[in-house]
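Per Swiss-Prot, the features are as follows:
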BINDING   ALA103, LYS104, SER105, GLY106, LEU107, GLY108, LYS109, THR110  ATP binding site
DOMAIN    90-265  domain 'Helicase ATP-binding'
DOMAIN    293-430  domain 'Helicase C-terminal'
MOTIF     59-87  motif 'Q motif'
MOTIF     212-215  motif 'DECD box'
Amino acid sequence: MSHEEDLIDYSDEELQTTDAAATTATPAANGGQAKKDGELTVTGGRADKKGSYVGIHSTGFRDFLLKGELLRAITDCGFEHPSEVQQVCIPTAILNVDVLCQAKSGLGKTAVFVLTTLHQLEPVPGECSVLVMCHTRELAYQIKNEYARFSKYLPDVKTAVFYGGTPIQKDIEVLSNKDTFPNIIVGTPGRLNALVRDKKLSLRNVKAFVLDECDKMLDQIDMRRDVQEIFRATPTDKQVMMFSATLSQDVRPICKKFMRNPLEVYVDDDTKLTLHGLQQYYIKLSEAEKNRKLNELLDSLEFNQVIIFVKSTIRANELDKLLRECNFPSIAVHSGRYKEFKEFNKRICVATDVFGRGIDIERINLAINYDLPADADSYLHRVGRAGRFGTKGLSISFVSTPEDEQVLKDIEKRFEVALPEYPEEGVDSSTYMA
């Protein structure tokens, strides 16, 4: 496919045509049929020179035949067994096959593309081979840190992160010096497009093009336009991988316009809320009762770290101030301040939805929706902060308005669950504390 004919516009007619073509294409390894493995659905994987779908059920990362340096780093991180999504994606991804993957938060999607691209990478000084884009600076930093810990035994690999809101001249200085020029670039679409447009960044050597939380970028027209322009600046023959915790039927065909017969992996049916080990409850109360109830919960519940979600930056700052006045070790995180919380210097974090997607802090085992989100997908991303990688966790949502009650109904309908009311006697800590 040419960049021009497929990426200029997405009309309804185009999307229907693309979706029809994708669903009628015959995957290389399964005769055109979707492979169902419990609640995991796998389709596709092209049979051209980039390789074909490989089915493998691995019991350890060594089964993937990754570089020895990567295996050492994986061992250092304490990982013994790949998650379900890693078992399905990595063996095929390392063959340079395009990948479209939807899996709930905490199932190890980031490690799929980090390990795949590091395994394939042959670093050349002054050349960018891997380009990873995401929609927030927090997520960009987290991905960069994942590359850092898995590439600790690959000293020639250089990684940099670029995002808006900072002086672009600093980024230009990094790109102008061959000694600091990164082989792997992680960033947000707006800043990366500015660097490409001003000819400060050449993408002619990119071999892997990755979008994390792809639905967030491709849903928004401005961000999607930046992604398109960056995509056009990369070679035609490259691997494309896209990942998200939520991937609606409307967004999937848009994603596939960037790909060639991708391996499609959908872990758990996307109509079901399957955050294993996470206990979920709601509490009906008035707006005026929220602060008292929050204080009661923080006093009575055991937790390692808790994240409290509110609907605006102003409310985050106000609630954080109130909690600190009550001597709770709190910090407000809404656009970039999460290092102190991540390093366990603070146990309570008040956050907005910017923090709800992709941010992975392993000690969080309690999530409280002080303000319920506006939609079901945002609820999934929020409560997914607790109970990462299938560990235990607890989420409690405050329901105080008719709009909240409707969102609660939407959540139950969307994910086919019935959320119970929080019991008056509380809950046993053994049900949510690992």
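Residue numbering: from 1, along the chain as shown.
Note that Cβ sites are derived from N, Cα and C of the backbone, with glycine treated the same way.
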Under an 8 Å Cβ to Cβ limit, what residues of the same chain, 6 or more beyond the ends of the motif 'DECD box' (212-215), are close to it?
109-110, 113, 132-135, 139, 143, 242-248, 251, 255, 357-358
When the domain 'Helicase C-terminal' (293-430) is classified with DSSP, how many of its residues are helical, how many are strand and how many are coil?
56 helix, 27 strand, 55 coil
Taking residues 6+ outside the motif 'Q motif' (59-87), which of them lie with a CB under 8 Å of any CB in it?
40, 94, 101, 103, 107-109, 111-112, 115, 118-119, 149-154, 265, 267, 389
Could you check what DSSP calls LYS104 (ATP binding site) once collapsed to helix, strand or coil?
coil
Average pLDDT across the motif 'DECD box' (212-215), rounded to a whole number:
92
Taking DSSP H, G, I as helix and E, B as strand, the motif 'DECD box' (212-215) contains 2 helix, 1 strand, 1 coil
